[in-house]
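For reference, the structure discussed in these notes is given below.
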Amino acid sequence: MCAIPAACSGFHPSAADAGAHARFIQTTSAGEPSIVNSIEPGSIHPSETPLLWLIRHGETEWSVSGAHTGKTDIPLTQRGREQATTMRGCLENRYFSLVLSSPRQRALETARLAGFDLSVQVDDNLSEWDYGEYEGRTTNEIRSTLQNPNWSIWDDIPPGGESLEQVALRAQKIIHRAMLAGGNVALFSHAHFLRILAAVWIDAPPNRGRSFVLGTGTISRLGFERETRVIQAWNMPCH
């Protein structure tokens, strides 16, 4: 049984679900699109409301060791492949208007094993945080090198890597794309990136993502309660 009842309730897509394309973009005076954090009551049909399904890839050797894994393109472990395959039962009966994945094989393989091999599209903005010189190193190793027992990736720009704000900007672009698609949108990505995206979704500072634990092979869901963006489910494994 899946740990997310809504994902395994035998959902059957309706015509409204299949045709939903919500628009939550307002235009600035300069003509540029700007994402809004809420919608006006009655401005869209409920079936058009986007639901973002955040799917962290299955287990890898580095996720087990705790090494920072950004651009390094490592595969899933056997357990990771099993986690991804199990997700199929939680997701297969739900219609998705858009399925996106990070270009890294650990995310793409998860998407394919979960049943989206034909529909998944790659979006570079779903890539994990670029850790620069800290790639492949654990937090304890970095703290030892820096002689700083309190070091955290959330408080420091990794040399040669991305700042938190740069990652948050990529998250905004993904949200923008999901808003345009409307309906259920599946995002296969990575822990730090998805945690930052969740913070951005609820209009919190990006570093609020440090409070959101996210295991491998899990599903989370972002949506709306009336006009307010909310986290509907978080860090839920499928069984």
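Residue positions begin at 1 at the first shown residue.
Glycine is no exception: its Cβ is also placed from the backbone N, Cα and C atoms.
Look at TrEMBL and you will find His57 tagged as active site, tele-phosphohistidine intermediate. The feature substrate binding site is assigned by TrEMBL to Thr69, Gly70, Arg106, Glu128, Trp129, Asp130, Tyr131. Positions annotated as active site, proton donor/acceptor by TrEMBL: Glu128.
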* Distance between Gly70 (substrate binding site) and the residue listed as 'active site, tele-phosphohistidine intermediate' at the Cα atoms, whole Å? -> 13
* Based on DSSP, name the secondary structure state of Arg106 (substrate binding site): helix, strand or coil. => helix
* Cβ-Cβ distance under 8 Å to Trp129 (substrate binding site), same chain, at least six residues away -> His68, Gly70, Ile153, Gly161, Glu162, Val167, His190, His192, Phe193, Ile196
* Structure fact -> Apart from the site residues Thr69, Gly70, Arg106, Glu128, Trp129, Asp130, Tyr131, the 8 Å Cβ neighbourhood of the substrate centroid comprises His68, Lys71, Thr72, Arg104, Ser127, Glu135, His190, His192, Phe193
* Asked: Hey, of the binding-site residues listed (Thr69, Gly70, Arg106, Asp130, Tyr131), which one tops the CB count within 10 A?
  -> Arg106
* **Chain-internal residues, separated by at least six, CB under 8 A from Glu128 (substrate binding site)** => Thr69, Gly70, Lys71, Ser102, Arg104, Ser189, His190, Ala191, His192, Phe193
* Taking the Cβ of His57 (active site, tele-phosphohistidine intermediate) as the centre, how many other Cβ atoms fall within a 10 Å radius? -> 31
* Mind computing the max CA-CA distance among Thr69, Gly70, Arg106, Glu128, Trp129, Asp130, Tyr131, which the record assigns to substrate binding, rounded to whole Å? => 17
* To do: Please report how many Å separate the Cα atom of His57 (active site, tele-phosphohistidine intermediate) from that of Arg106 (substrate binding site), as a whole number.
  => 6
